[in-house]
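Asker: Got a structure here, written out as structure tokens. Questions coming.
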Ligand SMILES: N[C@@H](CCC(=O)N[C@@H](CS)C(=O)NCC(=O)O)C(=O)O
């Protein structure tokens, strides 16, 4: 495991630990926006117009943040417009690699690179950065547009609507304030909360992550008893951001990250809600339990030193959800 320092790959410890043994996530560094006409977005430079075939995503099927971008590519009918490469699930001393696995990891189709850090080096030969997925790459300018999933999904939500004719809106103007509020709670206590619990290196760091995590789970279980989705009747980005954590929860976070007060399958409303999202058209094809389970248990030897892959439950994700009936 490592990161780029002034353009060179340097190995160092996997987790970012702040004071008190708490895990601290670093901000993403490439923050440009694709827009319909190439005008600048909320951050970064202009010049990234939505065009079919111009952009490429590098993802890990294990990673919940990269998973969001794959879901939006599928929901918005962008499969024929944005190409994708999948990294190998094992992330060891060279970080993410383009080793093939005979399955979805088929190498780097653009440059035939061995390692994802080489893509970051192409974008910025002097970069000092962690080398994370997802990466949204511009084939025309040969640079990284963005490596921040929260922003990539907002670009995919609307920038290509003129090309695809798909105007489904998961970030509707009238719900934005409420979505931001829910996103903030879910990001802090769940999406990132599972990592804070799992990477904690002191009891107090674990305790301070696990308590709010299950408070949020309890709140969601209650909320979803009277609301079909987080924002009520309308499915929004808040649901998809929650889904990528829920779908990994019983398979990985429950055991590997010690988030084991309950499983999602113990919570009837949350479990049915998670199944509804899993069964949403074209979403199941974005979920790969093999890469999910392998990546965390095999790569994170600070958490699982013997790299033993547990047997895991196999819940029926195809069971009827009966939500909205
Ligand atoms: N803020 C980023 C976080 C992405 C992220 O942390 N990805 C993880 C995989 S789940 C990664 O690539 N980690 C490698 C590293 O930190 O060196 C986003 O949401 O896009």
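Any Cβ shown, glycine's included, is placed from N, Cα and C.
According to TrEMBL:
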ACT_SITE  63  active site, nucleophile
ACT_SITE  195  active site, proton donor/acceptor
BINDING   96, 130, 131, 132, 133, 148, 149  glutathione binding site
DOMAIN    62-158  domain 'GST N-terminal'
SITE      253  site 'Lowers pKa of active site Cys'
SITE      296  site 'Lowers pKa of active site Cys'
Asker: If you compare CA-to-CA distances from residue 131 (glutathione binding site) to each of the recorded positions 63, 195, 253, which comes out shortest?
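Answerer: Checking each of 63, 195, 253 against residue 131 (glutathione binding site), the shortest Cα distance is to 63.
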Asker: Go through the recorded positions 133, 149, 195 and tell me which ones have a CA within 10 A of the CA of residue 63 (active site, nucleophile).
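Answerer: Neighbours among recorded positions, in sequence order: 133.
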Asker: In terms of Cα spacing, which of the recorded positions 96, 130, 132, 133, 149, 296 are within 10 angstroms of residue 195 (active site, proton donor/acceptor)?
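Answerer: None, since no candidate lies within 10 Å.
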Asker: Look up residue 133 (glutathione binding site) in the DSSP assignment and report helix, strand or coil.
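Answerer: Looking at the DSSP assignment, residue 133 (glutathione binding site) belongs to neither helix nor strand, so coil.
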Asker: State the mean pLDDT for the domain 'GST N-terminal' (62-158).
Answerer: 97
Asker: Note down the number of other Cβ atoms within 10 Å of the Cβ of the residue listed as 'active site, nucleophile', including every protein chain shown.
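Answerer: A 10 Å sphere around the Cβ of the residue listed as 'active site, nucleophile' contains 25 other Cβ atoms.
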Asker: What is the interatomic distance between the Cα atoms of residue 133 (glutathione binding site) and residue 296 (site 'Lowers pKa of active site Cys'), given in whole Å?
Answerer: 14
Asker: Roughly how many Å lie between the Cα atoms of residue 296 (site 'Lowers pKa of active site Cys') and residue 132 (glutathione binding site), rounded to a whole value?
Answerer: 15
Asker: Around residue 96 (glutathione binding site), which residues of its chain at least 6 apart sit with Cβ under 8 Å of its Cβ?
Answerer: 60, 87, 88, 115, 116, 117, 131, 133
Asker: What is the interatomic distance between the Cα atoms of residue 132 (glutathione binding site) and residue 253 (site 'Lowers pKa of active site Cys'), given in whole Å?
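Answerer: Cα-Cα distance, residue 132 (glutathione binding site) to residue 253 (site 'Lowers pKa of active site Cys'): 20 Å.
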